[in-house]
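Below: the structure, in structure tokens.
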Amino acid sequence: KSCCPTTTARNIYNTCRFGGGSRPVCAKLSGCKIISGTKCDSGWNH
């Protein structure tokens, strides 16, 4: 699961993934983070 701090970061992540980027690369690019659980931390719910 990916967690992003802002809607803009989420959009960047989604665009990157749609373009064929891997999850770790897109998370780093957008400022999002990949977690192993199912619930994002407070403030990372985008």
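Keep in mind that glycine also has a Cβ here, set from the backbone N, Cα and C atoms.
The feature disulfide bond is assigned by Swiss-Prot to Cys3-Cys40, Cys4-Cys32, Cys16-Cys26. As annotated by Swiss-Prot, blocked carboxyl end (His) applies to His46.
Mapped onto this structure are the features recorded in Swiss-Prot.
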{"residue": "Cys3", "record": "disulfide bond", "DSSP class": "strand"}
{"residue": "Cys16", "record": "disulfide bond", "DSSP class": "helix"}
{"residue": "Cys26", "record": "disulfide bond", "DSSP class": "helix"}
{"residue": "Cys32", "record": "disulfide bond", "DSSP class": "coil"}
{"residue": "Cys40", "record": "disulfide bond", "DSSP class": "coil"}
{"residue": "His46", "record": "blocked carboxyl end (His)", "DSSP class": "coil"}
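Listed disulfide-bonded residues: Cys16, Cys32. The one with the lowest count of other Cβ atoms within 10 Å of its Cβ is Cys16. There are 17 other Cβ atoms within 10 Å of the Cβ belonging to Cys40 (disulfide bond). When the disulfide-bonded residues Cys16, Cys26, Cys40 are screened for a C-alpha within 10 angstroms of the C-alpha of Cys4 (disulfide bond), the residues that qualify, in sequence order, are Cys40.
There are 21 other Cβ atoms within 10 Å of the Cβ belonging to Cys4 (disulfide bond). In terms of Cα distance, the disulfide-bonded residues that sit within 10 Å of His46 (blocked carboxyl end (His)) are Cys3, chosen from Cys3, Cys16, Cys26. Geometry remark: Cys32 (disulfide bond) versus Cys16 (disulfide bond), CA distance 12 Å.
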